Structure formats: structure tokens, C-alpha cells
Amino acid sequence: MATHALEIAGLFLGGVGMVGTVAVTVMPQWRVSAFIENNIVVFENFWEGLWMNCVRQANIRMQCKIYDSLLALSPDLQAARGLMCAASVMSFLAFMMAILGMKCTRCTGDNEKVKAHILLTAGIIFIITGMVVLIPVSWVANAIIRDFYNSIVNVAQKRELGEALYLGWTTALVLIVGGALFCCVFCCNEKSSSYRYSIPSHRTTQKSYHTGKKSPSVYSRSQYV
């Protein structure tokens with residue numbers, strides 16, 4: 001019963017992590033305008049993402065434009081685009097594998113050992129996906145903070161951490177926890193299987209011991225008669 005609850009929790013966290021990974025990938029709020037010094041008065045608000053940048057001026061709705069070329073991105077955003085696309089695919093594969101490894105799923109048969117190994121694989125992929133999400137998010141955040149405190153960079157070009165980065169950190173944590181739960185399910189199944197197989201052997205040993213203990217008694221009586 002405990003392993004079933006862990007499976008449900010792991011699948012839920014994995015699904016949330018998968019949706020969060022896709023959301024972080026498509027969100028344009030990776031870098032947002034920093035309102036400091038002469039830029040305190042809000043005339044323009046800039047968002048920079050992996051696929052587009054958006055500008056909102058005073059009394060004008062936000063306008064977004066897709067990047068004309070990959071080279072228009074900074075190196076950290078270029079790497080982030082590739083890693084986040086890979087993470088989206090990996091999270092989807094891990095989620096589908098987790099569904100196949102659930103005990104309530106019948107399409108993979110009733111072999112619990114096979115399902116346990118499928119869940120273990122899904123858990124490992126979830127953990128790796130969480131690390132893949134964590135790398136570009138932390139990389140971009142480090143670049144933003146470094147430029148923010150760099151006196152050479154113009155104030156108008158300085159940016160702050162966007163909502164996508166905070167969501168990325170949360171998503172990475174959720175994916176890692178979900179994968180860890182699936183690994184715990186595998187460990188619990190292995191322990192229960194080893195315990196289940198050790199009990200009959202112990203009983204058989206006791207039975208053979210009692211049989212061997214009675215046989216000399218029978219033999220001595222027949223010899224006496």
C-alpha cells in the first residue's frame with residue numbers, strides 16, 4: 001500500500017515537472033527589465049526568452065517578436081534553448097515510462113519485477129531531466145547577476161531574473177523529488193521480494209530439522225523391538 005502511494009505521488013510530481021519544463025521552455029520571461037537608477041520610471045518593459053523577446057511601452061499592449069536567427073541569442077540562451085528542448089523530450093519519455101510501470105497498468109503484463117525496473121528507469125530519467133533543467137536556468141541567472149553588478153554594462157541593458165527562472169528552479173526540484181520517489185519504490189519492491197523468498201527457505205529448514213530429529217527415535221524403537 002505504501003509503494004502504491006509512492007507511485008501515485010511520483011507520477012503526479014513527474015507530470016507537474018513535465019508541464020513545468022515545457023512552460024519554462026516557451027516562457028519569454030527569462031530576462032526582464034531592471035528598473036534601477038535612471039531607469040526607475042517605467043517607459044518600456046523588456047522580456048527576453050529562448051524563442052522571442054517582448055516589449056511593452058506605456059499605454060501600449062505588449063508586442064512580441066520571434067528571433068530571426070539563433071545567432072541573435074547570447075551564448076547562454078543558445079545553450080539553454082538546446083538543453084530545455086532536450087529536457088522537455090526526456091520528461092515526456094520518463095512520464096510515459098512511469099505510466100507503463102505503474103501496478104495498475106495492464107499493458108505491460110503482471111510481472112512486478114519488470115514494472116519495478118521500468119519505474120526505476122523512469123525515476124533515473126526524471127532525476128537527470130531535473131539536472132538538465134537546473135543547468136541552463138542557473139547559467140542564465142549567473143550571467144544576469146554578473147552583468148547586473150558590472151559597472152561597465154549600461155544601466156538600460158541590465159536585466160533582472162525573470163519568472164521563468166524561478167519556475168525552472170521549482171520544476172527541477174519537483175522532477176528530482178519525483179524521480180527519487182520512483183527509486184524508493186524500486187528499493188521497497190526489492191526488499192519485499194527478498195523477504196518473501198527468504199521466509200519459505202527458513203520454514204523448509206525448520207521442517208527438515210524436525211524430520212531429521214524424529215528419524216533417530218523411530219529407528220531406535222524398531223531396533224529395540
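Even glycines carry a Cβ here, placed using N, Cα and C.
Taken from Swiss-Prot as is:
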type	residues	note
TOPO_DOM	1-7	topological domain 'Cytoplasmic'
TRANSMEM	8-28	transmembrane segment
TOPO_DOM	29-81	topological domain 'Extracellular'
TRANSMEM	82-102	transmembrane segment
TOPO_DOM	103-117	topological domain 'Cytoplasmic'
TRANSMEM	118-138	transmembrane segment
TOPO_DOM	139-166	topological domain 'Extracellular'
TRANSMEM	167-187	transmembrane segment
TOPO_DOM	188-225	topological domain 'Cytoplasmic'
REGION	206-225	region 'Disordered'
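For the transmembrane segment (167-187), same-chain residues at least 6 beyond its ends with a Cβ under 8 Å from one of its own Cβ atoms are 3, 6-7, 9-14, 16-17, 20-21, 23-24, 27, 91, 94, 98, 101, 116-117, 119-120, 122-131, 133-134, 136-138. In the topological domain 'Extracellular' (139-166), helix, strand and coil residues by DSSP number 17 helix, 3 strand, 8 coil. Sequence-distant neighbours of the transmembrane segment (82-102) (same chain, 6+ residues past either end, Cβ-Cβ under 8 Å): 7, 10-11, 14-15, 17-18, 21-22, 24-25, 50, 108, 115-119, 121-123, 125-126, 128-129, 132-133, 135-136, 175, 179, 182. Residues in the topological domain 'Extracellular' (29-81) partition by DSSP class (helix H, G, I; strand E, B; coil) as 13 helix, 18 strand, 22 coil.
Taken together, the residues in the topological domain 'Cytoplasmic' (103-117) have a mean pLDDT of 72 on the 0 to 100 scale. Sequence-distant neighbours of the topological domain 'Extracellular' (139-166) (same chain, 6+ residues past either end, Cβ-Cβ under 8 Å): 24, 27-34, 36-39, 46-49, 74, 76-77, 79-80.
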